[in-house]
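If you look up TrEMBL, you'll see 19-326 marked as domain 'Acyltransferase 3'. Annotation comment: TrEMBL describes 21-44, 56-78, 90-112, 164-180, 187-203, 209-227, 234-251, 257-274, 286-304, 310-329 as transmembrane segment.
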Amino acid sequence: MTSIRSATLADAWASGRNNFNLIRLFAAWLVIYGHAWAITGSAGGDLITRLTRFKFAGGVAVDVFFFISGFLIAASLARNDVRSYLASRALRILPALVVCVALSVFVLGPLLTTAADYWRHPMTWDYLWANSSLWASRYTLPGVFESLPQQAVNGSLWTLPIEARLYLALLVVSLLGVLTTRRYTPLWAVAMAAAYGFAAWRHPLPEWLANYIWCTAFFITGTLCWLHREHIRLSPWPLLALLGFAVLARGTPWFHLPYFAIACYGTLWLAFMAKLPVIRRNDLSYGLYLYGWPAAQLVQQFSPGGPLHNMLWATLLAGMLAAVSWFAIERPALRWKRKMGSE
């Protein structure tokens with residue numbers, strides 16, 4: 001029997017044990033931590049920004065989210081038919097999102113707005129529709145948080161429309177047969193390399209497009225790793241070599257290369273090889289991500305302070321809201337998913 005310590009990715013995946021829930025929970029917290037400087041209007045940046053000179057903590061977390069998503073969604077698509085796949089994705093994302101957006105519009109907004117025409121303002125209803133439908137990202141509500149360094153009610157929602165479109169794109173690719181045969185791997189690799197290359201030299205591109213392409217590169221890479229899991233061996237040595245490369249490339253235009261590889265391979269190594277506490281039952285990561293920014297804005301509104309002050313109180317508040325979201329909304333929705341036979 002192959003030792004899990006020297007397993008291929010396929011062996012590790014077949015074991016049924018992984019740390020993805022813990023990694024996503026930590027990544028969701030990194031988003032809160034990384035945003036604390038912008039939300040409090042503080043100079044400097046978080047520890048990851050200072051160490052890498054490349055990306056802030058929240059950006060790293062988003063990259064990890066999209067890589068994990070590409071890996072797990074490819075696995076889900078392989079197990080489910082089209083109806084079950086679509087139901088599974090919708091039930092995982094939409095219920096908690098719709099409630100979060102509705103709370104922002106119908107509770108947070110009326111309590112904090114300075115706008116007399118809040119209910120008549122088209123921005124209010126555009127925020128509700130665009131965000132809850134995943135059609136687009138809208139960030140502000142009339143008269144809400146207008147005196148703060150950041151006016152966005154929820155600046156983290158921009159990733160979710162991208163995520164939803166990638167789910168649909170992967171389904172189309174699967175229906176075309178590209179996902180089920182490896183002869184198309186060069187096309188996948190070229191798509192990933194092109195996406196990453198465009199995004200790495202993002203200066204000529206609008207920010208929204210660069211972000212879209214960048215997230216797509218990580219998602220595609222996760223999908224490729226799942227497709228070729230039999231050929232990927234998990235070992236600390238490549239990771240150590242990449243870390244050495246990153247140290248040498250820090251501060252140069254080439255740092256994005258080891259960064260990308262570490263974000264992807266390092267996530268797999270942590271997910272399957274690292275001895276970490278396994279979270280099997282209660283996954284608070286999505287709720288923590290949804291409520292992290294609004295919680296931080298509320299802390300800044302009523303108890304302004306420095307980044308660490310904001311991060312600590314925002315983590316506490318968002319954690320409580322995430323727990324309510326999980327037990328009251330997300331977990332019941334997942335039960336419906338299982339009743340439909342999707343995984």
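Every residue number used here counts from 1 along the chain in the order it is shown.
Every residue gets a Cβ built from N, Cα and C, even glycine.
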For the transmembrane segment (90-112), the distant same-chain contacts (Cβ-Cβ under 8 Å, at least six residues beyond its ends) come to 118, 124, 127-128, 131-132, 134, 141-145, 153-154, 157, 160, 163-164, 286-287, 290-291, 294, 298, 301, 325, 329-330, 333-334, 336-337
Contact between the transmembrane segment (21-44) and the transmembrane segment (209-227) (3 or more Cβ pairs under 8 Å, separation 6+)
no
Give the nonlocal contacts of the transmembrane segment (257-274) in its own chain as ranges (CB under 8 Å, at least six residues past its ends).
4-5, 7, 9, 12-13, 15, 17-20, 23, 52, 54-55, 60, 63-64, 67-68, 71, 196, 217-218, 221-222, 225, 232, 234-236, 238-239, 242-243, 245-246, 249
Residue list, the transmembrane segment (164-180) vs rest of chain: Cβ under 8 Å, 6 or more residues beyond ends.
66, 69-70, 73-74, 77-78, 82, 85-86, 89, 93, 134, 187-188, 215-216, 219, 223, 227
Average model confidence [pLDDT] within the domain 'Acyltransferase 3' (19-326):
91
